[in-house]
Amino acid sequence: MALPNQQNVDLPTFKLLIVGDGGTGKTTFLKRHLTGEFEHNTEPTLGVDIYPLDFFTNRGKIRFECWDTAGQEKYSGLKDAYYIHGQCAIIMFDVTARHTYMNIDRWYRDLRRVCKNIPIVLCGNKVDVPSRQIKPKHVSYHRKKCLQYYEMSAKNNCNFEKPFLYLARRIAGDAKLSFVESPEAQIDNLDVESLQLLTVEAGTQPLLMTRISFEFNTLSIE
């Protein structure tokens, strides 16, 4: 479950680069995670926008610092500076626009030139649109480069969190890592009577401080 940015000095944070041609839905995808709303019309990204997205996992809370880069060619000279110290990436194309798929090799080569061996996910967005031009049988680039591939839709939540989960597992080196509900969401699901009983009981108990350790294997960036 993704949550908006919350201040936490000790929170494990990983720089995620999201790249692809303009209009593929990168910003809409991130804002969908951030706000829960689907924005039909978003302004083109100018340079880069950064969105901190928090997820609760079975090993603790983590944050992806998502660098949403501009897809327009006029900003191409700035890409290398944005990519420095990237730890994982998503390459997005639009299944309704053939040229965005044809350009993914350029985005891949740019990432590899700066970030070397970081885990990368390829995402085909807008699968909810009936008039798609790139069918599943046409998508083969990920097999050539040994990338994980997901067909997704920011509009109807198809494979909504899978790119983040895959990248979290790769960075953690833990194939069993899973996303869980936030503690806040679990409390909201309690009925009123149970919540009142817990509140009364808590008032009679001494305060205990606990600490959850969380260790991730970070990738070395050459």
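Glycine residues also receive a Cβ, built from the backbone N, Cα and C atoms like all the rest.
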Which listed span Swiss-Prot calls region 'Switch-I', if the choices are 22-30, 40-48: 40-48
Range annotated as region 'Switch-II' in Swiss-Prot, from 54-70, 71-87, 190-206: 71-87
Least surrounded among the binding-site residues, given as Gly23, Gly25, when other CB atoms within 10 Å are counted: Gly23
